[in-house]
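K.L.:
Reproduced below are the annotations present in TrEMBL:
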- 43-295: domain 'G-protein coupled receptors family 1 profile' (DOMAIN)
- 28-50: transmembrane segment (TRANSMEM)
- 62-89: transmembrane segment (TRANSMEM)
- 101-122: transmembrane segment (TRANSMEM)
- 142-165: transmembrane segment (TRANSMEM)
- 200-222: transmembrane segment (TRANSMEM)
- 243-263: transmembrane segment (TRANSMEM)
- 275-297: transmembrane segment (TRANSMEM)
Amino acid sequence: MLMFNGSVFRPPVLTLIGIPGLESVQCWIGIPFSVMYVMAVFGNSLLLLIIRSENSLHKPMYIFLALLGATDIALSTCILPKMLGIFWFHLPEISFDACLLQMWLIHSFQAIESGVLLAMALDRYVAICDPLRHATVFSQQLVTRIGVGVTLRAAILATPCLILIKCRLKLYRTTVVSHSYCEHMAIVKLAIEDIRINKIYGLFVAFTILGFDIIFITLSYVRIFITVFQLPQKEARLKAFNTCIAHICVFLQFYLLAFFSFFTHRFGSHIPPYVHILLSNLYLLVPPFLNPIVYGVKTKQIRDHVLKMFFSPKSS
């Protein structure tokens, strides 16, 4: 490792300290985190199994839900094993390249999740506002293109973050990352050099993905609610509104935590670091944990298949 006036030239290894200020109780914090992870993997795997095995669920809404579940499993798996290694086994070191890879995967899967949520909102918009054309508009070909599109968008927009760090930032004031996983700004702030381009591109990606998606999701649901409240029958209004409740719950918990984490990293210097890092961790762990529960409870077709799978009598 080369040193220049106290700085480090391209450190081969970084050290993740976990949750600053709560190092003494991290072993206990790891318990609920590990429970959430196990439940997230189990719940989303169950969703994937049900959707794959039931032909009646091979529809756009459930295909998007399966993509969301697969993304949730991958996202939580990117961070929790290493995080538990820090909390329980005192293994904070991670190679610089592995840290950049983790950063790229995390931000890519976050962007994919946001894109899938937008696709689900548009699917509900067409299903409720123009039901006769839903099957024509959301064809199997379009659903495939949407899945490929949101994946490519995430990978393409997240890649320059990795390149800008790898190629521009060479001198680092420390190798200690005040975080429990490799987050873009947490790594960038270690550098001594000018990081304005990195910050600007990070803002660009955030507003291109999260900003764009949340605007169109909001517009979709405004139009959906206008259509729902214009329905003549009360039963039809309640049924249409009930189909949207699960989606709205998922949107709110994902985007509220996302924007809190994003703005705190840049403008929340007065917020204690442990509060910010805890909520950043919850931002990545809570959605994968809650999504299968929310959809399992609120979506009748999935709820019925879960009950059938676990509680139907076995034929002898």
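Placement of Cβ uses the backbone N, Cα and C atoms for every residue, glycine included.
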K.L.:
Can you work out whether the transmembrane segment (275-297) touches the transmembrane segment (28-50), with the criterion being 3+ CB pairs under 8 Å where the paired residues are 6 or more apart along the chain?
P.N.:
yes
K.L.:
Sort out the residues at least 6 away from either end of the transmembrane segment (200-222), same chain, that have Cβ-Cβ distances under 8 Å to it, and list them.
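P.N.:
Answer is 107, 111, 114-115, 117-118, 121-122, 124-125, 153-154, 157-158, 160-161, 164, 184-185, 188, 244, 248, 251, 255, 258-259, 262, 266.
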K.L.:
What else in the chain is close to the transmembrane segment (142-165), if you only count residues 6 or more beyond its ends and a Cβ gap under 8 Å?
P.N.:
60, 63-64, 67, 100, 103-104, 107-112, 115-116, 118-119, 184, 187-188, 197-198, 201-202, 205, 208-209
